[in-house]
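Worksheet for the structure shown next.
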Amino acid sequence: MDDRSENHDIEVEGGNYAYERKISGILDDGSVGFQQPLLARNRKNTTSQIAIVGANTCPIESLDYEYFQAFFAFAGCNLILATAAASLCAFIAPAAAGSGIPEVKAYLNGIDAYSILAPSTLFVKIFGSIFGVAARFVVGKEGPMVHTGACIANLLGQGGSRKYKLTWKWLRFFKNDRDRRDLITCGAAAGVAAAFRAPVGGVLFALEEAASWWRSALLWRTFFTTAVVAVVLRSLIELCRSGRCGLFGKGGLIMFDVNSGPVLYSTPDLLAVVFLGVVGGVLGSLYNYLVDKVLRTYALINERGPGFKVMLVMAVSILSSCCAFGLPWLSPCTPCPVGTEGKCPSVGRAGIYKSFQCPPNHYNDLSSLLLNTNDDAIRSLFTSRSENEFQISTLAIFFFFVYFLGIITYGIAIPSGLFIPVILAGASYGRLVGRLLGPVSQLDVGLFSLLGAASFLGGTMRMTVSLCVILLELTNNLLMLPLVMLVLLISKTVADCFNKGVYDQIVTMKGLPYMEDHAEPYMRNLVAKDVVAGPLLSFSRVEKVGVIWQALKMTSHNGFPVIDEPPFTEASELCGIALRSHLLVLLQGKRFSKQKTTFGSQILRSCKARDFAKAGLGKGLKIEDLVISGEEMEMYVDLHPITNTSPYTVLETLSLAKAAILFRQLGLRHLCLVPKTPGRPPIVGILTRHDFMPEHVLGLYPHIDPLK
């Protein structure tokens with residue numbers, strides 16, 4: 001044996017392990033020794049598994065066989081779970097894919113897209129998110145839980161579901177647009193409160209990000225909802241504290257307790273916080289840019305059918321498994337910190353110190369992040385048991401892994417949230433900065449990790465108040481409030497210079513006509529009548545059935561102006577607006593007359609209010625459902641009983657910017673334009689949400705500068 005080899009003794013514990021501590025240099029036979037500890041698990045024959053130092057035999061073949069077997073078991077389980085989640089989304093409820101927060105935000109803005117809150121979407125969202133998180137994807141469960149809460153609220157708001165035999169008559173009280181919108185707002189707040197165990201943060205999230213219209217009554221309703229969520233969570237945590245529910249309830253209502261005593265900071269620390277905020281804003285805006293590009297690329301693949309969606313998920317699952325299992329080999333084993341609470345290395349699925357073939361009293365810090373639950377990984381990054389618990393190279397590798405794999409994963413056909421990947425990337429980046437600035441900073445690496453997560457969240461989500469409260473409720477560290485506020489404001493300000501928030505980008509990419517709370521600058525140079533598109537289609541108060549049927553068949557309009565004309569009035573005047581759904585109910589009831597006369601009182605006596613209530617998802621009447629004979633086509637119907645006789649009207653010369661603000665703040669679906677001068681028809685046109693979209697306005701006037 002060459003003199004350069006040292007510490008080459010064999011250590012066997014109970015005949016089950018063979019441990020070669022360290023072999024450095026070259027052996028007698030010319031082979032190169034190992035540079036890091038090696039631990040082999042004995043399966044059957046103990047003698048054949050022991051590595052004999054200085055001999056020519058070493059059980060590399062059997063060890064390789066074990067590693068490949070472990071990888072195939074790991075990747076195979078992940079692939080099965082990923083395929084299950086993808087199949088649910090691709091074949092049952094495609095609307096359940098993704099976070100769901102952009103869709104909920106669009107609904108609360110007045111966009112009722114098909115199937116986004118359906119019972120099937122709720123079912124797939126629950127089980128798909130379970131399978132997706134269990135499949136080791138770099139995704140979170142927080143976004144899907146917001147969507148789940150909104151789906152449950154929508155189910156209650158429409159009185160249940162007739163299709164699935166879940167109906168309750170007492171819930172019909174909520175069967176109107178405003179109450180349903182309020183319920184869905186409360187459901188979104190409940191989802192945040194349940195996911196982060198942050199009841200106040202849930203209320204602020206609904207106020208800042210989800211709801212487009214807010215009032216004082218909605219404030220206490222959401223607060224009551226999140227309080228109930230907190231009480232139920234506390235009860236379930238106490239019930240499961242004995243371990244009968246697996247890992248649920250670990251940590252109580254405070255998920256990541258990093259309250260480490262007084263927080264002292266000086267001028268260099270404030271400069272470090274500003275640096276974190278600036279870099280977090282840049283990284284967050286880059287994250288949003290790459291997510292947008294990846295989503296547009298995936299859209300081309302997903303358009304080819306459900307099978308391609310499933311294959312894309314399977315490919316990403318295999319890539320994630322390869323990275324999670326292969327990257328820990330780049331990290332050497334680290335001795336356990338002195339005075340460690342709990343076992344090191346950890347035993348079982350829980351714990352923060354993963355062995356990954358390390359010898360006793362050693363752990364692999366990269367596998368402790370990659371092969372752990374998301375909660376334990378975040379808890380490890382936020383806490384500061386030992387400053388050198390994670391090496392700088394480990395933090396850099398983990399940051400790039402979570403950053404780029406989170407971008408690749410978001411957009412595939414599984415329920416996936418963005419909060420957890422962003423928190424993981426931000427926490428690892430912040431802890432890395434904390435390690436580099438350790439000699440000049442008084443803040444420990446755990447607090448740097450928390451600030452890094454806050455900066456990355458602010459740069460990606462573009463929220464401030466709600467994120468600040470959620471992080472403080474998560475970590476139980478109120479002393480960090482000033483620094484968290486500062487880093488959130490800086491990161492949001494920097495990121496806003498490059499692009500919009502991630503949820504706003506997704507809403508735009510999906511083509512949902514979302515209305516902002518402010519008018520675009522170029523709208524000040526236009527008036528309302530400038531953007532009215534297409535010929536105006538109106539009905540008389542007593543209209544022929546055939547005319548109504550033909551108009552409903554040839555157009556997709558949801559509102560039609562009704563005009564009173566002689567001989568019923570002295571001059572033509574605007575009576576109001578009739579909705580398509582109400583016209584279909586009226587035609588289905590065949591409440592017709594052979595004479596062109598008013599008979600609205602008879603219709604009122606034969607109709608009930610619930611006949612015109614908003615139908616559940618997909619239950620509304622369609623023009624194809626109506627069967628009207630040729631004789632009935634020549635008959636007349638009085639539209640006055642179903643007409644909204646007090647519509648919102650504005651002059652045609654009103655500034656388009658003012659019209660947009662009025663439309664948005666009042667939550668309108670139709671805005672009638674009336675002429676400024678007499679002697680003209682009583683209505684010039686109807687403005688809808690699509691008429692205010694930048695694509696429509698700039699398409700009509702391409703010479704306008706969007707920034708002026």
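Cβ coordinates come from backbone N, Cα and C, glycine included.
Summarising the annotation, TrEMBL assigns domain 'CBS' to 642-706. Residue counts for the domain 'CBS' (642-706) under DSSP, helix first, then strand, then coil, are 23 helix, 12 strand, 30 coil.
Summarising the annotation, TrEMBL assigns transmembrane segment to 70-93 (among others).
The list of residues near the transmembrane segment (113-139) in space but at least 6 beyond its ends in sequence, with Cβ under 8 angstroms from a Cβ of it, reads 77-79, 81-82, 84-85, 88-89, 92-97, 100, 103-104, 106-107, 145, 147-148, 150-152, 154-155, 161, 163-164, 166, 184, 316-317, 320-321, 324, 374, 401-402, 405-406, 409-410, 414-417, 420-421, 424, 512, 617-618. Among the features that TrEMBL reports, transmembrane segment is placed at 113-139 (among others).
Residues 101, 104, 107-108, 117, 141-142, 145-154, 156-157, 174, 214, 218-219, 221-223, 225-230, 233, 253-255, 419, 463, 465-466, 469-470, 473-474 of the same chain lie 6 or more positions beyond the ends of the transmembrane segment (183-207) yet place their CB under 8 Å from a CB of it. Residues or ranges marked as transmembrane segment by TrEMBL: 183-207 (among others).
The transmembrane segment feature in TrEMBL is assigned to 270-290 (among others).
Residues 70-71, 74-75, 78-79, 82-83, 85-87, 90, 135-138, 298, 301-302, 356, 364, 366-367, 370-371, 393, 397, 401, 405, 408-409, 412-414 of the same chain sit 6 or more residues outside the transmembrane segment (310-330) yet have a Cβ under 8 Å from a Cβ within it. According to TrEMBL, the transmembrane segment annotation covers 310-330 (among others).
Long-range contacts of the transmembrane segment (395-424) within its own chain (CB-CB distance under 8 A, at least 6 residues past either end) are made by residues 82, 85-86, 89-90, 94, 96-100, 124-125, 128-129, 131-132, 137-145, 147, 195-196, 283-284, 287, 290-291, 294-295, 298, 302, 309-310, 312-313, 316, 319-320, 323, 327, 330-331, 366, 369-370, 374, 377-378, 381, 431-432, 435, 453, 456-457, 460-461, 502. As annotated by TrEMBL, transmembrane segment applies to 395-424 (among others).
Look at TrEMBL and you will find 436-457 (among others) tagged as transmembrane segment.
Distant neighbours of the transmembrane segment (463-490): 192, 196-201, 204-205, 207-209, 254-260, 262-263, 265, 270, 273-274, 276-278, 280-281, 382, 447, 450-451, 453-455, 457, 501; these residues of the same chain sit at least 6 beyond its ends, with a Cβ under 8 Å from one of its Cβ atoms. The transmembrane segment annotation in TrEMBL covers 463-490 (among others).
Sequence-distant contacts of the transmembrane segment (436-457), counting only residues of its own chain at least 6 positions beyond either end whose CB sits under 8 Å from a CB of the stretch, comprise 258, 260, 263-266, 268-269, 272-273, 276-277, 279-281, 283-284, 287, 378, 381-384, 387, 392, 419, 422-423, 425-430, 463, 467-468, 471, 475, 477, 480, 483-484, 487-488, 490-491.
In the predicted model, residues of the domain 'CBS' (642-706) average a pLDDT of 92.
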